[in-house]
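Q: So TrEMBL has the following annotated:
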- B:6-25: transmembrane segment (TRANSMEM)
- B:37-58: transmembrane segment (TRANSMEM)
- B:64-84: transmembrane segment (TRANSMEM)
- B:96-115: transmembrane segment (TRANSMEM)
- B:135-161: transmembrane segment (TRANSMEM)
- B:193-211: transmembrane segment (TRANSMEM)
- B:217-236: transmembrane segment (TRANSMEM)
- B:243-261: transmembrane segment (TRANSMEM)
- B:267-287: transmembrane segment (TRANSMEM)
Amino acid sequence: MSELLELNGLTKAYPGVVANDDVSFSIARGGIHALLGENGAGKSTLVKTVYGLVKPDAGTMRLNGSDYAPADPRAARASGVAMVFQHFSLFEALSVAENVGLGMENPPGPRDLGRRIWEVSHAYGLPLDPERRVGGLSAGERQRVEIVRCLLQDPKLLIMDEPTSVLTPQEVEVLFATLRKLAREGTSILYISHKLEEIRALCDAATILRGGRVVGECDPREVSAGELAERMVGETLTAPKSRNASVGDVVLDVAKLNLPPVSKFGAALRDVSISVRAGEVLGIGGVAGNGQDELLTALSGERLAPAGTIRLEGTDISRARPTARRRAGLLCAPEERLGHAAAPDMSLTENAALTGTVRKRLTRNGFLDWRRTRDFAQEVIDAFDVRTPGPQAAARSLSGGNLQKFVIGREVLQGPRVLVVNQPTWGVDAAAAAAIRQALMDLASQGAGIVVISQDLEELMEISDRFAALNEGRLSASVPTADLTMERIGLMLGGAHDLEAADA
Amino acid sequence: MDLSSISLTLLIASLMVAATPILLAAIGEMVVERAGVLNLGVEGMMITGAICGFVAGVETGSPWAGFLVAAIGGAAMAALFGFLTQYLLSNQVATGLALTLFGLGLSSLLGQGYVGIKAQTLRRVDLGPLSDLPVVGRIIFGHDPIVYLSLALVAGVWAFLRYSRAGLILRAVGESHDAAHALGYHVRRVRMLAVLFGGACAGLGGAYLSLVRVPQWTEGMTAGAGWIALAIVVFASWRAERVLIGAYLFGGITVLQLNLQTAGARLPVELLSAAPYLVTIVVLVLISGRAGGRANAPADLGKPFHASA
């Protein structure tokens, strides 16, 4: 196998941070090459350089033996480099065919394009209807649009940026089959992920980045996941400590909750029933858009539920507003960090006051007690190792992982009776994710009930005691995680709840 | 009241003339908004176009030179807006409002020596026997070239957005500038071009007022036409054919209420004068309400874009 792309000494510095420092590696023709690293390790900058979105300060690239320095993504595409973005670069109001056409240099006429989309998508097992609006597609279907857009240009190198984070296990299998087929046909694939098991299953070479530098190259099939993780993080990761499994009384009880969807892309909740005991972690899995937002807003009190459906320690709180629910001990950390969990342009102190006022008694005679609020924000920063200049920093200025530690920590330190979190480690690097999971488990062992809504199944398997799947607004009966296999979870997520209903 | 004094033929012919300034401004603003930019300075660009066109028309004696200079004047105002909002990332709403105030002030300064003068106006296109046909001749074949230009612009914009690749890119930029940027499209360039086009259209609309419809210069002569154009774009759900309906509806009611006033209708004059605004808004609200309304708005309308990749 010969080399398709060679990177030599790529360096890119931004004010205050060197994103890539003398990065060199090469990708084999027809190989599936993994690029591993935590958030902030420089993966994104590196692939943006290859895709022509970022110009390196120093260093050269060679593609197919000749010099390669794309001025913009169009030049990169013309050279045969295509990319599937982590945050989809799709236009919701446009049709599949229009979206595909926008990503091509010389798209054929509308009729030809529609036919070719149909052909290619079926040939690779990713069926798509070219006429549909992207806004109505699921995350998995949207990713197909991105992939088909790339495939129509016969790429020599396909860059995939965290492609599986929004897919169900079955969809991941389909994607992997497609990628393997592509590789057999001679397309090189640069695969970015921090899901180590996936990389071990799919890739035949790996480059590990840390702090902008290459810290290792290996064949992921011959190295254990633990070893990969340690090289990626640079320290030994401790698996979450097991905790005493003693569970107490039911603290949160949701009975036959029905609610209409939040947006037209959401799902209505249908007869959702949940019961969580003190000291227990309930994991709720499912692909986004199946009712997660609806469930979280119903529990947090942002939307009121029909009377009698939600009880906290026996008290009906269905009609209580968020502040009343906080006072009663039900806290929530929503998925969207900037704009929902935290106000982006306000300082950490102010953000601490937003949810902490009631339980931490941060007011005096109706006025905010800024000193106590600042102390509370500092307490969160210290306890959760939030990397920031101090509580006066704006929430927006923190990296995703640090802000996530802050918003989770803010709720955990208020000592809730029940904590509901949605996607607690979405887009967070491995070390921060481990810290957040540990904090949730510690909170459970102190006797709180925890509900974790997540799309990351490995995470749910790791921390939850029981697992339930949310599919089109219906919640399956919960099953002890110890009894579960990935296959069974996949079936539950697909909606086959009642195959063997095992109520815990 | 003597309704027989109102001729339907003349009414339709004159409503087309009355609607043309608003139609020009609205179709330009629609393109701007489809590219994701909210320029509230339409009124200011219109009145700047009106005075620039009038001055040039008087000085050169050619209304065509007047329209050309009006388009340039409107585009120059738009360029100012575009530079402030796209490159210096100023707030689009505030900048647009300031542009309107600036245009009103600038135009009365430029127009100081031109009050009370008459400019050379545009002659109707003479299509020979066609123009002499009864009814149809006066309605379809008896207008000045700018009326036809405005209709051609509507058709052109409609086809551009629907069928051309450049139109698709423009819509894509308005839907999601981040995604368009990631695909390698030049968001700022597309938006600047759209803003300039919108300014030129607004300038033409203004000049049509001062050179054809009135045809004289008076301070503040646009009298809110730019705001109506903005409202029409929103209630037309950003679609060219509905912009045409909205503008002609407004023009029609304007002409009709004038005719009713001269025919001696026993309605308060104030109510008649307000009628075009009321009827246009009500009808377009009903249309857009049925068609899903704001769901059609470009998703990134009015959001600042900064390439921080």
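Cβ atoms are placed via backbone N, Cα and C, with glycine included.
Whatever TrEMBL says is automated annotation, not expert-curated.
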Q: Hey, would you say the transmembrane segment (B:193-211) packs against the transmembrane segment (B:64-84), going by three or more CB pairs under 8 A that are 6+ residues apart?
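A: Since 3 or more Cβ pairs under 8 Å link them, the transmembrane segment (B:193-211) and the transmembrane segment (B:64-84) do come into contact.
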Q: Is it true that the transmembrane segment (B:243-261) and the transmembrane segment (B:6-25) have 3 or more CB pairs under 8 Å, sequence gap of 6 or more?
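A: Stretch pair touches.
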Q: Verify whether three or more Cβ pairs under 8 angstroms connect the transmembrane segment (B:267-287) with the transmembrane segment (B:217-236), leaving out any pair fewer than 6 apart in sequence.
A: yes
Q: Who are the long-range neighbours of the transmembrane segment (B:6-25) in its own chain, taking Cβ under 8 Å and residues 6 or more past its ends?
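A: Distal contacts: 42, 45-46, 135, 138-139, 142-143, 146-147, 150, 153-154, 201-202, 204-206, 208-209, 212-213, 222, 225-226, 228-229, 232, 243-244, 247-248, 250-252, 254-256, 259-260, 263.
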Q: Could you tell me what the rest of the chain brings near the transmembrane segment (B:96-115), counting residues at least six beyond its ends with Cβ under 8 Å?
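A: Non-local partners: 38-48, 50-52, 54-55, 58, 77, 80-81, 217-220, 226.
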Q: Give the nonlocal contacts of the transmembrane segment (B:267-287) in its own chain as ranges (CB under 8 Å, at least six residues past its ends).
A: 228, 231-232, 235-237, 242, 245-246, 249-251, 253-254, 257, 260-261
Q: Using a Cβ cut-off under 8 Å, which residues of the same chain at least 6 positions beyond either end of the transmembrane segment (B:64-84) come close to it?
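A: 37, 39, 41, 44-46, 48-58, 90, 95-96, 99, 102-103, 119, 146, 191-192, 195-204, 206-208, 211.
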